[in-house]
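J.: In case it helps, Swiss-Prot gives these features for our protein:
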type: TRANSMEM; residues: 4-24; note: transmembrane segment
type: TOPO_DOM; residues: 25-41; note: topological domain 'Periplasmic'
type: TRANSMEM; residues: 42-62; note: transmembrane segment
type: TOPO_DOM; residues: 63-68; note: topological domain 'Cytoplasmic'
type: TRANSMEM; residues: 69-89; note: transmembrane segment
type: TRANSMEM; residues: 93-113; note: transmembrane segment
type: TOPO_DOM; residues: 114-130; note: topological domain 'Cytoplasmic'
type: TRANSMEM; residues: 131-151; note: transmembrane segment
type: TOPO_DOM; residues: 152-157; note: topological domain 'Periplasmic'
type: TRANSMEM; residues: 158-178; note: transmembrane segment
type: TOPO_DOM; residues: 179-202; note: topological domain 'Cytoplasmic'
type: TRANSMEM; residues: 203-222; note: transmembrane segment
type: TOPO_DOM; residues: 223-244; note: topological domain 'Periplasmic'
type: TRANSMEM; residues: 245-265; note: transmembrane segment
type: TRANSMEM; residues: 269-289; note: transmembrane segment
type: TRANSMEM; residues: 293-313; note: transmembrane segment
type: TOPO_DOM; residues: 314-330; note: topological domain 'Cytoplasmic'
type: TRANSMEM; residues: 331-351; note: transmembrane segment
type: TOPO_DOM; residues: 352-355; note: topological domain 'Periplasmic'
type: TRANSMEM; residues: 356-376; note: transmembrane segment
type: TOPO_DOM; residues: 377-391; note: topological domain 'Cytoplasmic'
Amino acid sequence: MSRFLICSFALVLLYPAGIDMYLVGLPRIAADLNASEAQLHIAFSVYLAGMAAAMLFAGKVADRSGRKPVAIPGAALFIIASVFCSLAETSALFLAGRFLQGLGAGCCYVVAFAILRDTLDDRRRAKVLSLLNGITCIIPVLAPVLGHLIMLKFPWQSLFWTMATMGIAVLMLSLFILKETRPAAPAASDKPRENSESLLNRFFLSRVVITTLSVSVILTFVNTSPVLLMEIMGFERGEYATIMALTAGVSMTVSFSTPFALGIFKPRTLMITSQVLFLAAGITLAVSPSHAVSLFGITLICAGFSVGFGVAMSQALGPFSLRAGVASSTLGIAQVCGSSLWIWLAAVVGIGAWNMLIGILIACSIVSLLLIMFVAPGRPVAAHEEIHHHA
């Protein structure tokens, strides 16, 4: 079992590493490529576009051909794209490399969740996804620090060589450690069950909406945090870094505590707790009389996301024994596109950073609470929780 967990964790971590590792080198990259920092900030969106594009086909291929045939090319593409970015001499080539990086990371991301669905039952999967969420929270803190240390001695290209090295590690794990987990092709008698695993299932769609709104909350916070903390609240850059590190610490602590909470409380209870924390955060930020109270509201955001996201993802994947790859792709596409669409629309309409965050917090909590309370699984967990690998 440990081989599947290690490989899944490694496959997922390429995604946040590709986002956060290069940011510290952005000024030097812009200078060397004769581009403005504003022009290169689109590299974030290009990377996410690559991920979304990969998810359009990766899940279906993983269900038809296997998990390894998607993970291995995905890791290889991430390596090649990282090297391509390091050798880029124009901003256009650099952005093309970032898109290819996103394609590779997207393939690996989809496979990771499909593997966990193949190998873990609902309760264990919820615990593991909560742990994975905690580990993922470390990357936005450690990656810029590692990037800064690298750039003290080496040029910005070394950041992408570091990412390529990470990709090589994932490729080696996928080649030599990961075992295939895709369930055997269904017999004719199983075709009705395969056809019953519909993406239009009400319960699945409700969890798609809940996880997409939750990701929109956390990405809105990350995107607006410089404006909120430095421009509106007046913190210095060093203080901003400290606050973000502390919020990551809150996320990790709650994520690592959630598996223990699942041994005491029902998953539904934790999901309701998550949304109540979001609602409390939105109200706190809306009526906050001081910076201290606002910072408390921000910690509620991190705690709310960490306590409920892994549980919701686990529930979303639960009904899909034979189509876990497609389900994982659908979740990823919805989360990436939905959150990006909200942030873009809010900016176009002219909603300020503060109101943007408060709005998504309150909307997410109200909609999600209604879905949790009124959309129940269509059949008992035991009816669809088939695990294909136990060791």
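Here the Cβ of each residue, glycine as well, is placed from N, Cα and C on the backbone.
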J.: Please count the residues of the topological domain 'Cytoplasmic' (63-68) that DSSP assigns to helix (H, G, I), strand (E, B) and coil.
T.: 4 helix, 0 strand, 2 coil
J.: Counting Cβ pairs under 8 Å that sit 6 or more residues apart, are there three or more between the transmembrane segment (158-178) and the transmembrane segment (331-351)?
T.: no
J.: What residues elsewhere in the chain lie close to the transmembrane segment (293-313), defined as a C-beta under 8 angstroms and at least 6 residues from its ends?
T.: 113, 126-134, 137, 207, 210-211, 214-215, 217-218, 221, 233, 243, 246-248, 250-252, 254-255, 258, 261-262, 267, 270-271, 273-278, 280-282, 284-285, 331, 361
J.: Could you check if the transmembrane segment (356-376) is in contact with the transmembrane segment (93-113), meaning 3+ Cβ pairs under 8 Å among residue pairs at least 6 apart in sequence?
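T.: They do not touch: fewer than three Cβ pairs between the two stretches lie under 8 Å.
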J.: Residues of the same chain, at least six outside the topological domain 'Periplasmic' (223-244), with any C-beta under 8 angstroms of its C-beta?
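T.: Beyond its ends, the topological domain 'Periplasmic' (223-244) has Cβ neighbours at 140-141, 291, 294-295, 298, 343, 353-354, 356-357.
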J.: Between the stretches 69-89, 93-113, 131-151, 331-351, which wins on the count of C-beta pairs under 8 angstroms to the transmembrane segment (4-24)?
T.: 131-151
J.: Go through 93-113, 245-265, 269-289 and flag the stretch with the largest number of C-beta pairs under 8 Å relative to the transmembrane segment (331-351).
T.: 93-113
J.: Could you pull out which residues elsewhere in the chain have a CB under 8 Å from any CB of the transmembrane segment (269-289), counting only those six or more residues past its ends?
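T.: Counting only partners 6 or more residues beyond its ends, the transmembrane segment (269-289) has Cβ contacts under 8 Å with 210, 214, 217, 258, 261-262, 296-298, 300-301, 303-305, 307-309, 311-312, 315, 354, 357-358, 361-362, 364-366, 368-369, 372-373.
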J.: Compare 69-89, 93-113, 131-151, 203-222 by their Cβ pairs under 8 Å to the transmembrane segment (245-265) and return the stretch that comes out on top.
T.: 131-151
